[in-house]
Each structure stands twice: as C-alpha cells, then as structure tokens.
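Q: Take a look at the following structure, please.
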C-alpha cells in the first residue's frame, strides 16, 4: 500500500491510497458492510454510486459464515463479488459492545457470541489470522475500545494493553507473505496526553497507517473535536489518518480540517432505513405528514436514481407501509449524497477553498438537525 498527498489546504489534504485492488481518493468515506454487504444494496450498486472502498466487520464474519469458509471460497472479495479495496476492523469494537459477555486479559479477549452464546477467544495473533483468511486490503490491530466515561487510571492501563496487542499484531503480521496493509489504533479516551503517549508507542512499532479509535462512544462533541485537533497533526504526514466510526458530516468537516483522511459509519444507511434523508437543503424525515402529497423529488439538486424517478409522496408511502423498497431507495439516496459530498470536499481542498466549503455546508447540515444518540451503534444488530 502506498499513500500520496496531492494537495493541502491548511491541515486538510486530498490524496490517494494505492492498493493492489485499486486507488482510494481521500478524504474517503467507507460504507459499512457488516456481514459482507452494505444493507439493502448490491455491491455493484455501491460501486456504481462511486465508492472505492467498503468496511467489513471481522467479528460478524468470524461468527458466520466463518473466516475459514470465506478463505475456502477464495476470500472476501470473491465471496461478496466486490473487487475494490476492503478494510476490515479487528472486531475490538464489537467485542467491546458485548459488555457483560466478555473478559479481557493481556493474553486476549474471551467472549460469548451475541448469536448463540457460544464461547470464543481472540488474541492479537488470531485477529491477524482471521483478517488474513478474509483477504482484506487493509487490516486493523486488535485493540480495547475504552468506554465513556472512564477514569484516567483505567485509560492508562488500557492503552498499555492495546500497545502490547499492537506489538504482537505487527510481529505476527511480519511473519506473513501478504499484500495486505496493517493500521495501528490510537486509544486514550478523552485524555490528550494519554493519546499522545499511545501514538508515540505505536510510531515505534511502525504501521502502514494510523487510526484514532474510541471516539463517538458517548463523549461530548467538544471532546471529540479536541482529541482530533490534538492528535491528528502529530500522526505521520506520509501515512493515512483514519477516524474510526465517525460519519456525521458535521464531525467529518471538523476532522478533515485537522488532517483526517478516512471515515466509516452506519449513519447514511441506518438513517435511510429509519426514514431520515440527507438533502442539499438539510435533513428531512420522510415519514412527516407534510410529504403525503408532495410530488417533488426528494432533493431537486440530486441526480441519484431515487431522486430522478420518485416523489417525496411515494417515498413517504413506502416508508409508512414498511415496504422493503423504502429501505433500498432511501439507502441509494443517502449513499449517493455522502459520495457526492466527499467528492465536492476533495475538490474544494484541491482548489484550496476548504474553509469556504465548510462555511457553506455547516448551516445546511445543521438545518432540521435532530440530536442523535452517540451510542446508537452500540447494539450489534444496528450494523
């Protein structure tokens, strides 16, 4: 994997990540394909919209159909018919979400499946082996996702554990003959000094890219923004910077401003299934009665399949009837909106007008905004 910066505007930057399966233009958004599929979409549709990379969840694929099954079939790309890059997480966040069903030690983590209660054990070496079997293009180290709130003493112990796991992941990774890349994960809760210390330790290990993990888990937005502002500029300039699990576009703008290159989140797809849609005029809830006889397109400025073919009235009808087509049409639109937003943002950085872009979009993104719980994605079934 190679990373090249094409243009900078302040700390915001646009670039390309070169992988064996294709180029990823950054800043990049990765739709979440929990079980190997972006919900309600075919891989071909996701690609046609313009996405160059998706994220798949190691935890879910490990439990079913199983990483060995996917390896036998020929790897995750063949299995799901997606021939562009894939990033797999290590499963750390999903295991963290199990709370009472897990036990963490220096050796690894023991947990019970949320599906059938069966007992499992994953250590750093196994986390790498699972991702090797899946055949993703970018792998993540096993880490402990720190809950919020957490006191400083707990966080300090946790980052020592994550650092030790990162060393073991890298040592095991280096024994393999693979084209895959491995990213380290910076933990540390809301304590900037501990985050900086964690980053310094990861830099000694040396990874292909670096991720900020453990945010968007219930902490105030101001804390999230402060961590990104304090940490991102200290990450190696010549390697990708990834903010894990963050996808609210307001948060994205603040993060890109400080040098973040990669994002993933279930927001566009989950919101689509719940009837919340992003438009050039702000968010709308399609279930509202005001759209019952509205024959205008969802977003007059959008060229997606949904907006070119269907009215707000029809989309509301589908949603209130709980038709499966509602999920599909809404998801097509939200993913299209996100993809075009990132394209426009990259263009703004390339033309050195990112601040104008941010100033233009913040009021739009805040319009009709309803506060969504930061911990909505803690439920494994929400993926």
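Any Cβ shown, glycine's included, is placed from N, Cα and C.
If you look up Swiss-Prot, you'll see 89 marked as active site, proton acceptor, on the strength of sequence analysis. The feature active site, nucleophile is assigned by Swiss-Prot to 264, with sequence analysis given as support. The annotation substrate binding site is assigned in Swiss-Prot to 89, 90, 91, 92, 93, 143, 187, 214 on the grounds of sequence analysis. Here Swiss-Prot flags 302, 304, 307, 333 as Zn(2+) binding site. Annotation comment: Swiss-Prot describes 245-251, 269-273 as region 'RNA binding'.
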Q: Checking the spread of the substrate site as listed (89, 90, 91, 92, 93, 143, 187, 214): what is the longest Cα-Cα distance, in whole Å?
A: 15
Q: Which one is it: of the recorded positions 187, 264, 333, whose Cα lies the shortest distance from the Cα of residue 89 (active site, proton acceptor)?
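A: Nearest listed residue in space: 264.
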Q: Provide the number of Cβ atoms within 10 Å of the Cβ of residue 90 (substrate binding site), excluding the reference atom itself.
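A: Cβ-Cβ neighbours of residue 90 (substrate binding site) within 10 Å number 28.
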Q: What does DSSP say about residue 90 (substrate binding site): helix, strand or coil?
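A: It is coil.
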Q: State the Cα to Cα distance, in Å, between residue 91 (substrate binding site) and residue 307 (Zn(2+) binding site), rounded to an integer.
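A: It is 36 Å, counting Cα to Cα.
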Q: Excluding 302, 304, 307, 333, please set out which residues of the same chain place their CB within 8 Å of the center of the CB atoms of the Zn(2+) site, keeping sequence order.
A: 297, 298, 299, 303, 305, 306, 308, 332, 336, 337
Q: Here's one to test understanding: among the recorded positions 264, 302, 304, 307, 333, whose C-alpha is closest in space to the C-alpha of residue 90 (substrate binding site)?
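A: With Cα distances computed to residue 90 (substrate binding site), the winner among 264, 302, 304, 307, 333 is 264.
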Q: Which is it, of 91, 92, 214: the one of these binding-site residues whose Cβ has the most other Cβ atoms within 10 Å?
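A: Within the set of binding-site residues, the most crowded position is 214.
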Q: What counts of helix, strand and coil residues does DSSP assign across the region 'RNA binding' (245-251)?
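A: Going through the region 'RNA binding' (245-251) residue by residue, I get 3 helix, 0 strand, 4 coil.
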Q: DSSP says what for the region 'RNA binding' (269-273): how many helix, strand, coil residues?
A: 5 helix, 0 strand, 0 coil
Q: List the same-chain residues at least 6 positions away in sequence whose Cβ sits under 8 Å from the Cβ of residue 93 (substrate binding site), in sequence order, or say none.
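A: In sequence order, the residues whose Cβ lies under 8 Å from that of residue 93 (substrate binding site) (at least 6 apart) are 145, 213, 244, 245.
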Q: Sorry to bug you, but what's the C-alpha spacing from residue 264 (active site, nucleophile) to residue 302 (Zn(2+) binding site), rounded to the closest Å?
A: 22
Q: Which residues, in sequence order, are found in the same chain with Cβ within 8 Å of the centroid defined by the Cβ atoms of 89, 90, 91, 92, 93, 143, 187, 214 at the substrate site, excluding those residues themselves?
A: 95, 96, 140, 141, 142, 144, 145, 185, 213, 244
Q: Within 10 Å of the Cβ of residue 187 (substrate binding site), how many other Cβ atoms can be counted across all chains shown?
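A: So the Cβ neighbour count for residue 187 (substrate binding site) comes to 26.
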